[in-house]
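Here's the structure, in structure tokens; my notes come after.
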Amino acid sequence: MSLLTHLLACLFGMGSWVSINGLWVELPLIVPQIPEAWYLPSYLSVIIQMANIGPLFVTLMHRFRPGTLNERAVIYVIIGLGTVATFLLGFFWKETVVVAGVARSVPLLVLTFFLAAVDCTSSVTFLPFMMRLKSQYLTTYYIGEGVSGLLPSLVALIQGAGVVHCINSTQSVNYTLNIPNGSVTSDLQAQYQPANFSTEVFFFFLSAMMLVCLGAFLLLNYHPSVAREQPNSRYTNGVKQKTKNRELVEQKPMMDPYRPENQKPRSSFGTGSYSWMEVFYIFGILAWVNALSNTVLPSVQSYSCMPYGNNAYHLSASLAALSNPLACFIAMFLPIRSLLFMGALTVIGTGVGVYIMIMAVLSPCPLLVNDTSGGVIIVLAWVLFILTLSYVKVIIGVILRDEGHSALVWCGAVVQLGSLLGAVTMFPLVSVYDYFSSGDPCNTKCS
């Protein structure tokens, strides 16, 4: 296998979600300077789900007009759009427009919609494009997708985004009972520390990462050593040409190495390796793990971690982001395709997720809140949660890659569907009904 192709596949995958991931980790520096303040995350959740119109369009075109949509052209467009949008954010993220007499961050919200459309659409275009390469490179692509969350987090840590210091403040309190001069009480106030470099520089960095993704995509298309890694070249826009009547048909692998040679197809899905019950089982798990790991648990991460301290929160965010590419790296050398094992890992990850959710519900006074072990456990819980479910996602991607181009398109669609259902479920609980309480990072007292 070509080391260059592995590197390019990783850099290509890195561009899939780097913009939106970067925007989320930069929120502590953005919200104090815009009129929406901490309502912004709620708006972002809605905007990101609205952007699913992109993958919906691509999936419908693939279903009803296969071969009409030029896959490469779509990828060029969305990477270029992501590059321009992140670059413009560096100039306009603080700008406001008066709407109905109220100042609103219209440029930020509009550009975020374009970024979300780019990242959501990448789920149904980047993955199918990887059909052009050998199956080993799909795992490398998933490593890059994991890095798209890790890299912005590390840069934000270097930047100092979200670092809170508790400082003393004094308040004069007047009493009427024999204390003529009043009394002075001491209190703590949370104060965000100034960043080591500006938000504008951070957005320019994200734009540069999108340019790197674009360069990697160009080389994946035109570099000679990459062309040698393609299993065959008889495809156009994800479909294969018949030599006799030149009708466009869905590309599928010529042989499934994981099915006995003379075994009859068990369904009309892909190569027929799996029955329809197993296909629904695979896609059900895929939707479930993406709902949990992309929207449900991340929406309460601050509630589950902040009661244990700012360090626990940042460690959980950084190590969880590191767990994603680590799981992909493990899957590269240990790709266990057992559906039973996949289900067992999903149950383990879900169980850990339940513990995290319980701690979020109990915020600001979760279990072991005043004990060091509580912070250690919540950090390890986040690492195990992301590690197990990321491994499941990679294995499902590898399985569906062997089932053909269409299977990967539906893989991306189900990923977005699961994320959408998770967001729709959590948005009212977090933002409308205020079911979760974060408490004050400096003054919350738990007995």
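Even glycines carry a Cβ here, placed using N, Cα and C.
Automatic prediction, not curation, is the source of TrEMBL annotations.
The feature transmembrane segment is assigned by TrEMBL to 38-61 (among others).
Positions annotated as transmembrane segment by TrEMBL: 73-93 (among others).
Residues of the same chain lying 6 or more positions beyond the ends of the transmembrane segment (105-129) and with a Cβ under 8 Å from any Cβ of it are 12-13, 15-17, 19-20, 23, 30, 34-36, 40, 43-44, 47-48, 50-55, 58-59, 62, 71-72, 74-75, 78-79, 81-82, 85-86, 88-89, 92-97, 99, 138, 141, 220, 238, 397, 405, 408-409, 411-413, 415-416. According to TrEMBL, the transmembrane segment annotation covers 105-129 (among others).
For 141-164 (among others), the entry in TrEMBL reads transmembrane segment.
If you look at the transmembrane segment (201-220), the same-chain residues 6 or more away from its ends with a CB under 8 A from one of its CBs are 4-5, 7-9, 11-12, 14-15, 18-19, 22, 26, 29, 75-76, 79-80, 82-83, 86-87, 89-90, 93, 129, 132-133, 151-152, 155-156, 159, 161, 226. Per TrEMBL, the feature transmembrane segment maps to 201-220 (among others).
For 274-292 (among others), the entry in TrEMBL reads transmembrane segment.
Per TrEMBL, the feature transmembrane segment maps to 312-334 (among others).
Among the features that TrEMBL reports, transmembrane segment is placed at 339-362 (among others). Tertiary neighbourhood of the transmembrane segment (339-362): same-chain residues 278, 281-282, 285, 288-289, 292-293, 296-297, 300-301, 303-304, 307, 378, 381-382, 384-385, 388-389, 391-392, 395-396, 435-436, selected by CB-CB distance under 8 Å and a gap of 6+ residues from either end.
Among the features that TrEMBL reports, transmembrane segment is placed at 374-400 (among others).
Per TrEMBL, transmembrane segment is recorded for 407-430 (among others).
Long-range contacts of the transmembrane segment (141-164) within the same chain, counting only residues at least 6 positions beyond its ends with a Cβ under 8 Å from a Cβ of the stretch, are 9-18, 21-22, 25-29, 126-127, 130, 190-197, 202, 205-206, 209, 310, 313-314, 317-318, 321-322, 324-329, 331-332, 390, 393-394, 397, 441-442. The stretches the transmembrane segment (274-292) and the transmembrane segment (38-61) are not in mutual contact, being linked by fewer than three Cβ pairs under 8 Å (pairs 6 or more apart in sequence). Counting residues 6+ beyond its ends, the transmembrane segment (312-334) has Cβ neighbours under 8 Å at 25, 136, 139-140, 142-147, 149-150, 153-154, 157, 162-163, 301-302, 304-306, 375, 378-379, 382-388, 390-391, 394-395, 398 in the same chain.
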